[in-house]
Amino acid sequence: MKKTLKPMTYLKNNKKRAMILIISFAIFITLIYGLRFFVNPMKYTLENIVLGKSNHMQGVFINRNDILSMDISLWDTDSTSTVLERITEVNRGVKEFGEQLALNEHIDYVIPFSSYHINIHTLISSASYYIPLVEKEQVNTICDYLNITLKEGAMPKEPGEIIVDERMAANWNLKIGDSINNDNTKISGIVKSDFYFAVGIHFDEGFIKRNLLFLNDGYLLNLQDYFYNLGYSASYFNNDDAIRILWDMEGGKQEVNKHFGDLDPVLRLVSLITTLIIAGTLFLVYQLHVQDRYEEWCLYRSLGFSQRDIYLLAAKEFIFCLVTAILLAIVLCFFLINVGGLFMDSRGIVYRFWMPEVFGQIIAALLFLAGILHIPVISGMQEIKTIDGLDDDF
C-alpha cells in the first residue's frame, strides 16, 4: 500500500521557510485592511458631520432681503439708521420668516441662529461644521429635541458659552473653560451624542442671524424641493438664490459624493497597485520556495508517487500556510484595530471595524494571489515529467 504524502512533514522540517511564507501572507492581508482602516475615517467622519444630524435638524442661510418682511427705508441713502438698527431689522425679518415656516404641522421648531464655523479634522483632511448660536432657552429646546444629554460641565447660561459632544471635544482637545478660536467663546459643558454636535449662546448683538434651524421628525430631508414648492429658489452652492442650504440630508449626500466620488476610485487604484506590488513580491518568494522543492518532488516521483499526489501535496502545504496566515492576520488586525482605534478615539475621529467592501477586496486579492502562485507549482509539475512521467495522470 502506497504511503500518502503529508504536508506537515516538510513544514515541520522547514519551519523557518514556512514561517516566512505565513508571515508574508499575513502582512499582505493586514496591509489591505489597514490601508482602508486608516483612510476610510475621512468618509465616515464627513458622513457623521453632514448626515448624522440631518434627519432631524437642518439649516439654511437667508441670502436675499427681498423675501423678508422688513423696513427697507433703513437702507435708503438719506437714512440716519445705525448699523445695529439695520442688523436688528434683518434679524426681525428672518425671525418672522421662520415663524411663518413653523406654521407647517410637520415642522416642530424654526429657530434663527448666527453661525460659528469650525473644522473637524481627520488624519489627512478636515470637514466644516456650523455651530448654531441661539438664545439661552433655545439651547435646551434643541438638546431636548435631539436627546442630547450632558456628560460633564453645565448647559450654556451666558453669552459665548458653548456645549460640544465628546468627539468634537476630543478632536479639538477641548476641556471645560476652553475657548474655540475666539476669546468670547467658552466651553461650558461636554455632551453625549450619536453625531458631532455643538450649540451655544450668541455673544454679540451685532451678529446677523440670517440662518434658520429646522427641527422636525424626518420631514425636511430635501430643503431644495421644500422651498421650491413654497415659491422660493434655494440651492446648496449658488449664492444668487434666495436661500442657501447649509445642510440637509440630500445636500449631505451630495457633499459626501462630491468629496469621495472622485476619491474612491483613487483609493481603489492605490489598493490595487499595493496589492499588485505585494503580490509580485510574494510570487518571487513563493517561486524560490517551489524551485527548492523540485529535487524533492522528483525524488517522490521516482519512488512511485504520481504527479497528482505531488500536486496535492503542494496544494495542501499552500492551503495550510494560507489558513495559518489568515489567522495570524486576524490577530494583527485585532492589534491594529485596538491601537488605531484608541488613537482615533483620542482625536474624535469616526471609524469602523466592519467594512464589507474591504473584506470583499481581501477575498478578491487572495483569489488573485492563489491564482498567480499556482504558476510556479504548475511549472514544477512540468519539471518532474522529465523523470519518467510523460504519460502521467496529472
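Every residue, even glycine, has its Cβ placed from backbone N, Cα and C.
Where the annotation comes from TrEMBL, it is an automatic prediction and has not been curated.
According to TrEMBL, the feature transmembrane segment maps to 20-39, 266-286, 318-338, 358-378. If you look up TrEMBL, you'll see 269-371 marked as domain 'ABC3 transporter permease C-terminal'.
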Note to self: Under 8 Å between C-beta atoms and at least six residues away from its ends: which parts of the chain pack against the transmembrane segment (266-286)?
What the structure shows: 20-21, 24-25, 27-28, 31-32, 35-36, 39, 361, 365, 368-369, 372-373, 375-376
Note to self: From the DSSP assignment alone, can you count helix, strand and coil residues within the domain 'ABC3 transporter permease C-terminal' (269-371)?
What the structure shows: 87 helix, 0 strand, 16 coil
